[in-house]
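J.: According to Swiss-Prot:
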DOMAIN    93-145  domain 'PAC'
REGION    142-162  region 'Disordered'
COMPBIAS  142-151  compositional bias 'Basic and acidic residues'
TRANSMEM  226-246  transmembrane segment
TOPO_DOM  247-255  topological domain 'Extracellular'
TRANSMEM  256-276  transmembrane segment
TRANSMEM  299-319  transmembrane segment
TOPO_DOM  320-327  topological domain 'Extracellular'
TRANSMEM  328-348  transmembrane segment
TRANSMEM  358-378  transmembrane segment
TOPO_DOM  379-419  topological domain 'Extracellular'
INTRAMEM  420-440  intramembrane segment
MOTIF     434-439  motif 'Selectivity filter'
TOPO_DOM  441-448  topological domain 'Extracellular'
TRANSMEM  449-469  transmembrane segment
REGION    551-668  region 'cNMP-binding domain'
REGION    684-743  region 'Disordered'
REGION    764-841  region 'Disordered'
REGION    960-991  region 'Disordered'
COMPBIAS  968-984  compositional bias 'Basic and acidic residues'
Amino acid sequence: MPVMKGLLAPQNTFLDTIATRFDGTHSNFILANAQVAKGFPIVYCSDGFCELAGFARTEVMQKSCSCKFLFGVETNEQLMLQIEKSLEEKVEFKGEIMFYKKNGAPFWCLLDIVPIKNEKGDVVLFLASFKDITDTKVKITSEDKKEDRTKGRSRAGSHFDSARRRSRAVLYHISGHLQRREKNKLKINNNVFVDKPAFPEYKASDAKKSKFILLHFSTFKAGWDWLILLATFYVAVTVPYNVCFIGNEDLSTTRSTTVSDIAVEILFIIDIILNFRTTYVSKSGQVIFEARSICIHYVTTWFIIDLIAALPFDLLYAFNVTVVSLVHLLKTVRLLRLLRLLQKLDRYSQHSTIVLTLLMSMFALLAHWMACIWYVIGKMEREDNSLLKWEVGWLHELGKRLESPYYGNNTLGGPSIRSAYIAALYFTLSSLTSVGFGNVSANTDAEKIFSICTMLIGALMHALVFGNVTAIIQRMYSRWSLYHTRTKDLKDFIRVHHLPQQLKQRMLEYFQTTWSVNNGIDSNELLKDFPDELRSDITMHLNKEILQLSLFECASRGCLRSLSLHIKTSFCAPGEYLLRQGDALQAIYFVCSGSMEVLKDSMVLAILGKGDLIGANLSIKDQVIKTNADVKALTYCDLQCIILKGLFEVLGLYPEYAHKFVEDIQHDLTYNLREGHESDVISRLSNKSTVSQAEPKGNGSINKRLPSIVEDEEEEEVEEEETTSLSPIYTRGSSVSHSKKTGSNKTYLGLSLKQLASGTVPFHSPIRVSSANSPKTKQEADPPNHGRKKEKNLKVQLSSLGSAGTPELSPRIVDGIEDGNSNEETQTFDFGSEQIRPEPRISPPLAESEIGAAFLFIKAEETKQQINKLNSEVTTLTQEVSQLGRDMRSIMQLLENILSPQQPSQFCSLHPTPMCPSRESLQTRVSWSAHQPCLHLQAGGAHLYHGNVASGIWSVDPSLVGSSPQRTEAHEQNPADSELHHSPNLDYSPSHCQVIQEGHLQFLRCISPHSDTTLTPLQSISATLSSSVCSSSETSLHLVLPSRSEEGSITHGPVSSFSLENLPGSWDREQMMSASSERLENFPVEVVTSTADVKDSKAINV
């Protein structure tokens, strides 16, 4: 029959063995990884060592096994070298050395370092024990001084040897025996008795089972249990029958069952012997194979009952030993074997048919027992001397009906024992199942009382067994039914998908183990209907172990209640991997029981025990955290895990605690699984010797410096060019300085206007122009400097702190006006060094120069990739903002043209023109200046200037071009400040226009002359002005006018010299409109010009 097997997977109990044989985890010892050649990092430290040295476990983990952090001023340098040498050669070291605690207090320590091997014989760990011998050392030193003064010599050596022997006894105790060397003993052949290893091996130990140990779930044991079950039922039937019906009256009948009784007794005795050699399942769910533990367990549980039930009373009859009748009653003790049936009832209740069979058997057994009692009552009344009773007893009535009455004072005659038993059983069964039929009835008082009890018991049994068999099965065995249903589903799944035997075994063991832990109860499903308040209290009680960590001391009760809802319970079997390298970390794990190891490339990086926390340092903005190593279970482990998704939700609800949690978790983690963290540890260990030379001797402390990037100093021009190439956003000053290097302002402005005409430059306004050269253009323009930038030597410093979060970058356009010295100094964005995790700035030894160079190259490449990614994101955002600005300006222009009211044209007085335009000025141009602007707006009581337009030519005296039109300082007014000069053609005299005050906008429209010319009449040229500030000290705009060629065809090229000879002297002003608004500065400054050569009659938006 199927039985719960228990936990059989091989476990690596190395940590438990060390802790147990060291008298608990409070002993002073550490374990270090012997497979990492540089530094031999510590993978486990006991609580006693932390108390001795004054360091926390998180501060000791991953430090060097040589314990340089305990060295001080008076530490013997020769012993330091010997420790390093013994670690390199992987040999044992013992010695007395002066160490220093965290607070700087010195103490003498007896240090013993022993290598630990695995099953292959390779040294994988170092076990270092520490014993404080300060008191002994001081006492011995004082005694030595006294002896030196009296005898002139020292005897301290013997005391040192005794102290060393006392400390070595602890390590020898780990092997399970003390090495005793006795003289006068014969040497035993090593081939027969091989010495056990001095220390336990670091490996997964298989269950060692002797061939004389019987598995409790084996097939033989299952068949034996069925045989013992039948023997138990035999005892339950025959013992009451022999006591009540036979007694000492019919020894022949008794002797007929003697053989079967002796056989049953022999079976019980053999069962006792087998129980001393049968495994059992402990309370923790593990299978116990040790013979001594099995014996102790059996003796303290069922041995006494089984021994009494197996006493061979029937052997007394076999050897013709006369016994009194009371000895027969001792056989009723065998009924205690039924208690064993109750113990194994859960094993037999796996199927409904077995359950029904057992219930019916128990019902029949109860009827048998009550029949025996019913016969004893009739027999006692028959033997009574009262004549009034024996005549009405049920046996007397039965004898009359069977025509075998009693006679001779009721001692002779009467029905046979067989007939009496059948009649008694018939009466009890009819009474238990119904009210009886009356053919066998109770006549005396005793019989009536027994009949009443039988009816009550029958009603109860009938209701429980026959009336509610289905309800009994569902209520009593529903959990087992669910267990076997799921087990059957699991086996069907394995059979359908043809899973291998190893995977099948793992699945079955995991299912059985998890079922034994939670008994098939889904806590989430069970608690989902409870209110949140009650559910939070329940989960806080269930997860109180992890919530009592120092990590959650600063959390409020509400935060803990919310967090407890996101804590789950997990289980891991020996050899199972909790996490694989490169997996996405989904939770933070807390080890409740068992031990685990952290592996990378088959090397042990850390050993985790009860109370350890494993995960990664967090950031609020983290999306995916990849693990850097494997986490494998050594024993059966119970875990509690905090789901990261729920954790981030809770931290979002409690921001005052979130920052504290992010800071504290990196100190409370026993091992950090964040990808990239282990390279920092190995690098720190590999350079430990170099760093220790720079640090002063004394107690080691953790260095906590902010990460930084230190670059080699170069020329100032190279720094400016490299800074410009870091980001797609440039300042106005850098653009102007670059234009001065490449050419004149006129050439640079001409290039910008060509780009504007083609629509490739995303300007925000006609007077807000910021040159933004792409990185590609920059590299093409200056390849030598770009090459020098790649060859730049980066020196990187690493902090022991965890990685910081990525800084937020807000893309924006930096105008040159933000800094008064923008034309002299280049403004760039400073990307913080917190987003980069560099290595310590150290000078590696010559043997490690290649490793350091390769590591720096990798870090530099990662940094470049991050910067390029940021540049692309900022560029994309800038383009989107520019496109949005252009769309908004187009919409505002349309609204202004629609909503602005029309007014009659206002003409200005004539103003003499000092000169006629030359061919170089025959290009339409709009210029702004501080003294004589063409279009000028000044916020807050400023004046709006405008000028008329003639022949499509606007010009301003170049000598009057000044600083930015945004200047608000007052300047001396003169008549020329409120007028606009323009260059007329031929004999036309220009006019100057009046000033329009404050909240007005003016719209001017000019059309081509009405006189006959060789030039085709143009469409109207319009200019509108709205009121925002200017962002450029100088902006020029080129317009292309259509012209007529000599053959008379219309062209759309630029105006040539011969086509302008017949240009009229003036253009007629078609109309002038002005509109008012509340605040002119709310409108963007823009100039919109439209000519015939624009496709689809669309305006050129600047």
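Numbers here mean position along the shown chain, with the first residue as 1.
Even glycines carry a Cβ here, placed using N, Cα and C.
Help me understand the surroundings of these features in the structure.
T.: Beyond its flanks by at least six residues, the transmembrane segment (256-276) meets 214, 221, 224, 227-228, 231, 234-235, 238, 242, 291, 294-295, 298, 302-303, 306-307, 309-312, 314-315, 317-318, 337 of its own chain at Cβ-Cβ distances under 8 Å.
Over the topological domain 'Extracellular' (320-327), the average per-residue pLDDT in this prediction is 52.
Here the topological domain 'Extracellular' (441-448) has long-range neighbours at 374, 377-378, 381, 389, 392-394, 397, meaning same-chain residues at least 6 beyond its ends whose C-beta is under 8 angstroms from one of its own.
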J.: Can you name the far-off residues of the same chain, 6+ from the ends of the transmembrane segment (449-469), with a Cβ under 8 Å from a Cβ of it?
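T.: Same-chain contacts beyond the flanks: 356, 359-360, 363, 366, 370, 373-374, 377, 428, 431-436, 442.
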J.: What are the helix, strand and coil residue counts for the topological domain 'Extracellular' (441-448) according to DSSP?
T.: 4 helix, 0 strand, 4 coil
